[in-house]
Amino acid sequence: MAAPKVAVVGAGVIGLSTALCITETCPSCSVTVLSDQFSPNTTSDIAAGMLIPHTYPGTPIHMQKQWFKETFTYLFAISNSAEASEAGIHLVSGWQVFKNAPKEELPFWSDVVLGFRPMSEAELQKFPQYRFGQAFTTLKCDCPPYLLWLEKRLKATGVQMYTRKVADLWELHSEYNVIVNCAGIGAHQLVGDKKLFPIRGQVLKVHAPWVKNFIRDGDGLTYIYPGIHRVTLGGTREKESWSLSPDPGTTKDIFDRCCSLEPSLRGARDIKVKVGLRPSRQSVRLQREVLSQGGVKLPVVHNYGHGAGGFSVHRGTAKEAAHLVGECIAALQGSSSRAKL
Ligand code: FAD
């Protein structure tokens, strides 16, 4: 069989990192990324990019931990290299605070982030409305620079990238041997996945360079995440809302909630409002499927549905998807050598 041709549909953090992992695990493959939007116009560009996992109720915890650990280790190495500033990856320390002690005092990811510990009474004095808190250091991706860095690495390894909306995966079958579906919320239409739904998120990106620590309310709704140039203030979680229009009332509400956690934000300038749709499911869809039409077979690997935690687990799920692509290619090579006998 000639060099297997792989098409990755989608150019958010999942599509780009999956394409990169495929080039690493299958150097003989010819990889192409097809997407109707690239950075800065993807959901991944809107995200805060904090490595604090979201929990997927339908995925075993040991698997989620493995994905998070692989992602953390990968980004930690970048943060410790000369590439860190170009890739937009940096360490950030801060606090997750709770009005009441959480059910689980030790989240499953507590031994992956750095220096996880309960907050001291003295630290809690900064947050008079909160009774309990956790202090730790984690990583943050500044999303548009990280996506551009991934694109640059892909181009350097010879990956082609084309702007193209794919209406049906079958339209790719004559050009490619394996299709990888990383369409995010677009998979709702592309493969008709009714288990996939949007959770709308509105955030503010502000100039407040004096804010150096992250602060997150344990309810996950209100957060302050400092990046290299801008601080992300959030947020909202609106299930099944497809609206991409910012809501001015929500902007004021987010700003007020964040100022009550960090009063110095009243001096924030240059407030930009962004909205994104988290591609949500009970579990990430990470699986092989062989589509069949009139006796013709089309191997597909799905990797979508990362909801509120795509950045936190992207490298782990990309590695697993690349492994599944390897299995598809081995199956194709097996059947082509059997056909020659
Ligand atoms: P996307 O970025 O949406 O990429 C999908 C790609 O597929 C796009 O390029 C799109 O153009 C393309 N596409 C879709 N359909 C088609 C088609 N038919 N044909 C061709 N191309 C197609 N996660 C974290 O881990 N940490 C955070 O701090 C964090 N903060 C967030 C804050 C907000 C406000 C939001 C909205 C999300 C946040 N997330 C966070 C979640 C994270 O953004 C997502 O999990 C992640 O971006 C999903 O990536 P993706 O590549 O699957 O989707």
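Every residue, even glycine, has its Cβ placed from backbone N, Cα and C.
Record features, source TrEMBL:
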BINDING   Thr43, Ser44, Val166  FAD binding site
BINDING   Tyr223, Arg278  D-dopa binding site
DOMAIN    5-324  domain 'FAD dependent oxidoreductase'
SIGNAL    1-19  signal peptide
Collapsed DSSP category at Ser44 (FAD binding site): helix
Mean predicted confidence [pLDDT] for the domain 'FAD dependent oxidoreductase' (5-324): 97
Pairwise CA distance, Arg278 (D-dopa binding site) versus Ser44 (FAD binding site), rounded so that it is a whole Å: 9
DSSP three-state assignment for Tyr223 (D-dopa binding site): strand
For Val166 (FAD binding site), the three-state class that DSSP assigns: coil
Recorded FAD binding residues, Thr43, Ser44, Val166 - maximal Cα separation rounded to whole Å: 19
DSSP state at Arg278 (D-dopa binding site), helix/strand/coil: strand
Arg278 (D-dopa binding site) CB neighbourhood, other CB atoms within 10 A: 24
Under 8 Å by Cβ from Tyr223 (D-dopa binding site), same chain, sequence gap 6 or more: Ala48, Met50, Phe214, Ile215, Arg216, Asp217, Thr232, Leu233, Gly234, Gly235, Cys258
For Thr43 (FAD binding site): intrachain residues, at least 6 apart, with Cβ closer than 8 Å: Gly12, Gly184, Ile185, Gly276, Leu277, Arg278, Pro279
Cβ neighbour count within 10 Å of Ser44 (FAD binding site): 30
